[in-house]
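S.K.: Would you mind keeping the following structure in view while I ask a few things?
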Amino acid sequence: MEAGNDNHNTPLLVSNHSGHEDGGEEKIEFVKQFGIESKRLWKIAGPAIFTALCQYSLGALTQTFAGFVGDLELAAVSIENSVIAGLAFGVMLGMGSALETLCGQAYGAGQIRMLGVYMQRSWIILLVTACVLVPVYVWSPPILELVGETTEISEAAGKFAVWMLPQLFAYALNFPIQKFLQAQRKVSVIAWISAAVLVEHAVFSWLLMIKLGWGLTGAAITLNASWWLIIIAQLLYIFITKSDGAWSGFSWLAFSDLWGFVKLSLASAVMLCLEFWYLMVLVVITGRLTNPLIPVDAISICMNINGWDAMIAIGFNAAISVRVSNELGAGNFRMAKFAVIVVSTTSIAIGLVCMIVVFTTRDYFPYLFTNSEAVAEETTQLAILLGFTVLLNSLQPVLSGVAVGAGWQSLVAYINIGCYYVVGLPAGILLGFTFKFGVEGIWSGMIGGIVLQTIILIIITSITNWKKEADEAEDRVRKWGGGGRDADM
């Protein structure tokens, strides 16, 4: 296995040339190893970013076509996508992220046969979670009215939400499948499937929603069908290829030690949901300002751009989670640490470029989203905060990916609660409402929470005993059904 040999190819981490005064050979070796690790990174991150963009575009395309149907239809799809489906997406993605830790470490340890068992355990847990979330969809109209939506929009969005229940159960199967394939670095398979489905989705959305005039009914049919096509295609790939031995059929082992799996899944869900919902809260709080229409429109434009930029961060999150979990599972703790350095450096560099682009185009990009001069001016004023948020988003998801790869979900969940909701959110409310800084104050306070969380995660990552983490990874694999490193080889 490639991961098993990586530990012998990192002289930069264990210096063999300390006697050379100029250190020239060490620098050359460092650059060489940095390039090798970067290649491994992009083999995972590239397809993962493309997949995230394709799957994000499914909802975005549906929303775009809904705008051609009517204003009420656009509002219904937008609210269902961002609030109801957004809530479910965050929970299901978080619950499924436990699989990144277990599958990644099992793959690195050579416990290939356990990956299929872990995926089945995750299916069980996420299908139960989907059932628990069904009432949120069914009773969404009063929930939406509670957060300030009009009765007309709430009823339309609630009706559409009920039609989108198949998507909820698609999430329950999709996220475990994707984590299963990601752990084996089969991200290109997911990317090709997602691209093909996106093309199908665009064609049938236009056909059903616009050409045939089915409106929201056509939107629900197309969006549900697209998510289930992704699942069917991925399952066919797994069942036909056996995923190089990772899939050996359904097993009763999937029902063993479910509680331990549930605890890790819940920790993952809490950790990611607290991050996923944090900036969503920004839009809700902004709506409580006096004369909120222009600030809400401006912050929505900024969050739209931030959402697209987040797709890059999601790709790096997946890449570092796979790299760290694989290397820890294989016992290559030095390579795990080096992977963190390479991914963090690369992601920060991309974040700086994105921040500069936001700063230099701040007088122009708002007009891509609005014809209102007032909204465009407000968006331009917020561009500085957007730029810093984009930069932070380049590093923070990477550190979260390290946490998932190493199995630190519970610790990071507590850190997120403290930094985001004890420090950042109250600071934003204080600056925005008490000190009358408006949306700039709210966002600035919440950025403070992200900065604090990022600093804490950097410190934790820097002082981590990676040898100990590798030993704990082996114990985790052994506990949940494996037999230690290379037991299948």
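Heads up, the Cβ atoms here are built off N, Cα and C, so glycines get one too.
For 1-17, the entry in TrEMBL reads compositional bias 'Polar residues'. According to TrEMBL, the region 'Disordered' annotation covers 1-23. For 48-70, 82-102, 123-140, 160-177, 189-210, 216-240, 261-285, 305-326, 338-359, 379-399, 411-435, 441-460, the entry in TrEMBL reads transmembrane segment.
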S.K.: Pairs 6 or more apart in sequence, C-beta under 8 angstroms, 3 or more of them: is that satisfied by the transmembrane segment (160-177) and the transmembrane segment (216-240)?
M.R.: yes
S.K.: Who are the chain neighbours of the transmembrane segment (411-435) in space, where the CB to CB distance is under 8 Å and they lie at least 6 residues beyond its ends?
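M.R.: The answer is 267, 270-271, 274-275, 278, 281-282, 285, 288-289, 400, 403, 441-450, 452-453, 456-457, 460.
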S.K.: With the transmembrane segment (305-326) as the reference, which stretch in 48-70, 216-240, 441-460 has the largest tally of C-beta pairs below 8 Å?
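M.R.: Top-ranked stretch among 48-70, 216-240, 441-460: 48-70.
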S.K.: Using Cβ atoms and a strict cutoff of less than 8 Å, what residues sit near the transmembrane segment (261-285) while being 6 or more residues removed from its termini?
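M.R.: That would be 82, 86-87, 89-91, 93-98, 100-102, 118, 121-122, 125-126, 147, 296, 299-300, 303, 306, 389, 396, 400, 403-404, 407, 409-410, 412-413, 416-417, 420-421, 424-425, 428-429, 432, 442-443, 446, 449-450, 480.
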S.K.: Quick check for me: are there 3+ Cβ pairs below 8 Å between the transmembrane segment (338-359) and the transmembrane segment (379-399), leaving out pairs under 6 residues apart?
M.R.: yes
